[in-house]
């Protein structure tokens, strides 16, 4: 049986971490949204061989157990005692190591696909609970809708969807290691976005007002090591973005625009400035 799933990228409308847990991992307080930039994940189950194989069109991704999609298949195969082999083919569109959750979304897509292929009958809530051991972004990616995400990433509260907004995403030509950034956090120096106010504004349908509450507490940490991210954000702001900020731990920066003409202006201006630029919409 073959199942194909769309795996959308995510952006962080708000990203905050007020403290670390005793296990050393951050406590998250985030608002996340899927965007229409997506990988496509095709999963095939077969009796022979009984192994898990991953193939991608990207030379930057491992094809073994380090790949989050592989880990997702392994979890379901082991938990539900499935003897079938699994072949996973990932058509990458989302930039790798970009702060856009591409690997996490691929893993979530594998969970949804195998749930269908093996007829496990699991709800999205059950898949999300199983997924936390893979990565903190995977539970959100199981749902891929506007959500308030807290805890280790396992508490996902759906929020009303934004109306039609345009998003320009730009990834500078550099890589950022999330574990390195997280180790560099000085909690006494973090500037915290108004995440709770953002959540309330979204719940009340005050989407334009919500822009003032968006922010990313880790911007300063990443920008200290990579000042070109700050320059990219400033360029988006000067070009008229309603909001411009870094997604995740970077290096991607996104501009949120209510008008398509403004988004096109930013997109066209950045194409000669940045190697990877995308104009998409919020999902």
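One is the number of the first residue shown, and numbering goes on along the chain from there.
Just so you know, glycine gets a Cβ as well, placed from its N, Cα and C.
For 10 (among others), the entry in Swiss-Prot reads active site, with the evidence type sequence analysis. Reduced to three states, the DSSP call for residue 10 (active site) is strand. Cβ contacts within 10 Å of residue 10 (active site), excluding its own Cβ and spanning all protein chains shown: 27.
Under the heading active site, Swiss-Prot lists 137 (among others). Under the DSSP three-state reduction, residue 137 (active site) is assigned to coil, being neither helix nor strand.
Summarising the annotation, Swiss-Prot assigns ATP binding site to 95, 96, 97, 98, 99, 100, 101, 102, 103, 104, 105. Residue 105 (ATP binding site) falls within a helical segment according to DSSP.
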Could you give the Cα-Cα distance between residue 103 (ATP binding site) and residue 137 (active site), in whole Å? 9
Around the ATP site recorded as 95, 96, 97, 98, 99, 100, 101, 102, 103, 104, 105, what other same-chain residues have a C-beta within 8 angstroms of the site's C-beta center? 9, 94, 248
Roughly how many Å lie between the Cα atoms of residue 10 (active site) and residue 97 (ATP binding site), rounded to a whole value? 13
Counting across all protein chains shown, how many other Cβ atoms sit within 10 Å of the Cβ of residue 99 (ATP binding site)? 30
Counting across all protein chains present, how many other Cβ atoms fall within 10 Å of the Cβ of residue 97 (ATP binding site)? 20
All-chain count of other Cβ atoms within 10 Å of residue 95 (ATP binding site): 22
